[in-house]
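Here the structure is laid out as structure tokens; the discussion comes afterwards.
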Amino acid sequence: MATIYYDKDANLDLLKKRKVAIIGYGSQGHAHALNLRDSGVDVRVGLAAGSKSKAKAEGAGLRVLSVAEASKEADVIMVLIPDQTQKKVYDEEIAPHLSKGKALLFAHGFNIHFVQVRPPPDVDVLLVAPKGPGHMVRRQYQDGRGIPGLVAVHQDATGQAKAVGLAYARGIGCTRAGVLETTFKEETETDLFGEQAVLCGGAAALVKNGFEVLVEAGYQPESAYFECLHELKLIVDLMYEGGLAWMRHSISDTAEYGDYTRGPRVVDGRSKDEMRKILKEIQGGHFAKEFILENQAGGPTMARYRAAEAAHPIEEVGKRLRDMMSWIREAKKDSSDPGSR
């Protein structure tokens, strides 16, 4: 069982004595910076020259510096930029300013676990990862609640790495809900597996195949969209609220019986075998190498996939149907704007 830490286990004063730099001001970056500031922490934001986020950060009352300047000033540096850009930014702008005793933090372990970022031995290296999108991290904090999170220590040079991580987690509100202790290896490998096999890759492929089967059988694309994509949220929300048992309790007997008797025919032993293969590719570093080389080449494979998927009929049908749903437009605008609340 995982060890879980709460507010009582975290000393926020430990962080208030230090200067914190948030590198990046996207979904997570804006939430971390604002929550830490509101918790009484000395925060600055490090952004690339010409960043479109500068005006938003300054508009929120935050001090904005270059990545190098922020890293030089800070004792605690949280890296919240995309995985594929972290190595270059780290090597050129953060590493030169990592003096002894500083703490380097990440919200995802990819670049540490797969040895793309190599911190010096005299700094703390740790992970603090809220298990929710940035706008939710911010809103829950503002409402006096918090998002569950993860904490992990890769390198404890000062003897205080975990304490710093817990203080940071408290500063952004995660210890209000509970923070689970993990490792960089576990966070990275399970996160990638979940994305590829279930949450993104698996779910998207299942939805698209279901849509195609119905359309190919002569049903209206609009009906196929509603049944295979739109209503997925209704089911996932039930799982989210109470697990599989609550979902099955909440649906019709017809749907429940079909779940038990037909679901395993769609996602069967062969699917599980492929999941095992995907996990081995992650554990062995094969996916990481493939992704790194893809980005070094300029992302040609990603570009082809994006173009092909954007042209799939489900996208055009979905756009037309979503235009009928005012609540979706409002929710999308709200969640995409860091300053919306």
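Each residue, glycine too, has its Cβ placed from N, Cα and C.
Record features (Swiss-Prot):
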DOMAIN    1-182  domain 'KARI N-terminal Rossmann'
BINDING   Y25, G26, S27, Q28, S51, S53, D83, Q84, T85, Q86, G134  NADP(+) binding site
ACT_SITE  H108  active site
DOMAIN    183-328  domain 'KARI C-terminal knotted'
BINDING   D191, E227, E231  Mg(2+) 2 binding site
BINDING   D191, E195  Mg(2+) 1 binding site
BINDING   S252  substrate binding site
For the binding-site residues D83, E231, which one has the sparsest Cβ surroundings, going by other Cβ atoms within 10 Å?
E231
D191 (Mg(2+) 2 binding site): which of the binding-site residues S27, D83, G134 have a C-alpha within 10 angstroms of it?
none
Looking only at C-alpha atoms, tell me how far D83 (NADP(+) binding site) is from the residue listed as 'active site', rounded to the nearest Å.
8
Please list residues from the chain of E195 (Mg(2+) 1 binding site) whose Cβ is under 8 angstroms from its Cβ, counting only those at least six apart in sequence.
G201
Using C-alpha atoms only, work out the spacing between Y25 (NADP(+) binding site) and S252 (substrate binding site) and round it to an integer in Å.
44
Cβ distance under 8 Å to S51 (NADP(+) binding site), same chain, sequence separation 6 or more: which residues?
Y25
Do you know offhand how many angstrom separate G134 (NADP(+) binding site) and E231 (Mg(2+) 2 binding site) by C-alpha?
25
Mean of the pLDDT scores, which run from 0 to 100, over the domain 'KARI N-terminal Rossmann' (1-182):
97
List the Cα distance (Å, whole number) between E231 (Mg(2+) 2 binding site) and S252 (substrate binding site).
14
Sort the binding-site residues T85, E227, S252 by C-alpha distance from the residue listed as 'active site' and give me just the closest.
T85
Cα-Cα distance linking S27 (NADP(+) binding site) and the residue listed as 'substrate binding site', given in Å to the nearest integer:
37
Cβ atoms near S252 (substrate binding site) (within 10 Å, other residues, all chains):
8
Rounded to the nearest Å, what's the C-alpha distance separating T85 (NADP(+) binding site) and E227 (Mg(2+) 2 binding site)? Just drop the number here, would you?
38
Tell me the Cα distance separating S27 (NADP(+) binding site) from E227 (Mg(2+) 2 binding site), rounded to the nearest angstrom.
30
